[in-house]
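Participant: In case it helps, Swiss-Prot gives these features for our protein:
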BINDING   His23  heme binding site
BINDING   Asp28, Asn30, Asp32, Glu39  Ca(2+) binding site
DOMAIN    15-50  domain 'EF-hand'
MOD_RES   Ser178  phosphoserine
MOTIF     71-80  motif 'Proline-knot'
Amino acid sequence: MASSISAAEVKVVPEEYNFLQKHVAFFDRNKDGIVYPSETFQGFRAIGCGYLLSTFAAVFINISLSSKTRPGKGFSFSFPIEVKNVRLGIHSSDSGVYDKDGRFVASKFEEIFAKHAHTHRDALTSKELKELLKANREPNDCKGGILAFGEWKVLYNLCKDKSGLLHKEIVRAVYDGSLFEQLEKQRSSKTP
């Protein structure tokens, strides 16, 4: 049976997007290059987060990133995030896996597991995740520390296995956004 959706109606992520832009583009639900709080909310719901977390994430993320990703533009109460400029919103106290331009730095990614995966070579336990966050925390950087903590805790809670391990391939997939697509597909296949 042929699909009722034409090729012109399907909006895809531009091929030239870097890893960080691809990560954020999942939340651009209509693929217009701008992420509004309602889209952030929809994206978090699509990957399996509850209403409260999705609401908090939409408000906090969009308020935090909107003005940073819209240089030279005035304040907007709709708190849009421009995907093309998301690199301008990279926060401190992070892992360094995204460089200043939003590109993936493989050596920094490998360093996460080389330094902090003590129990299993290719996975992090909750304790090891706390160690990672502590090691990456910059002095007097409350905001960056909170952002990093929130990102990693959501990832851990959504994706840890039955043994409480967050596997390397899962972490890798979050950096380019492909994990979000996988989670949405898994969730939609479970609902009637």
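Counting begins at 1 with the first residue displayed.
Every residue, even glycine, has its Cβ placed from backbone N, Cα and C.
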Participant: At the level of the C-alpha atoms, what whole-angstrom distance separates His23 (heme binding site) and Asp32 (Ca(2+) binding site)?
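Facilitator: Asp32 (Ca(2+) binding site) has its Cα 15 Å from the Cα of His23 (heme binding site).
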Participant: Which is it, of Asn30, Ser178: the one of these recorded positions whose Cβ has the most other Cβ atoms within 10 Å?
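Facilitator: Buried the deepest by this measure is Ser178.
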Participant: From the Cα of the residue listed as 'phosphoserine' across to the Cα of Asn30 (Ca(2+) binding site), what is the distance in angstrom?
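Facilitator: On Cα coordinates alone, these residues lie 17 Å apart.
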Participant: Give me the sequence-ordered set of same-chain residues, not including Asp28, Asn30, Asp32, Glu39, with a C-beta within 8 angstroms of the centroid of the Ca(2+) site's C-beta atoms.
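Facilitator: Other same-chain residues near the Ca(2+) site: Phe27, Arg29, Lys31, Gly33, Ile34, Val35, Tyr36.
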Participant: Give the sequence-ordered list of residues that share a chain with Glu39 (Ca(2+) binding site), lie 6 or more positions from it, and have CB atoms under 8 Å from its CB.
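Facilitator: Listed in sequence order, they are Phe27, Asp28, Arg29, Asn30.
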Participant: In whole Å, how far does the CA atom of the residue listed as 'phosphoserine' lie from that of Asp32 (Ca(2+) binding site)?
Facilitator: 19
Participant: Counting by DSSP, what is the helix, strand and coil composition of the motif 'Proline-knot' (71-80)?
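Facilitator: Helix, strand and coil residues of the motif 'Proline-knot' (71-80) number 0 helix, 0 strand, 10 coil.
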Participant: Using CB atoms and a 10 A radius, I'd like the single residue among the binding-site residues Asp28, Asp32 with the highest neighbour count.
Facilitator: Asp28
Participant: According to DSSP, collapsed to three classes, what secondary structure does Asn30 (Ca(2+) binding site) have?
Facilitator: coil
Participant: Could you check what DSSP calls the residue listed as 'phosphoserine' once collapsed to helix, strand or coil?
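Facilitator: Looking at the DSSP assignment, the residue listed as 'phosphoserine' belongs to a helix.
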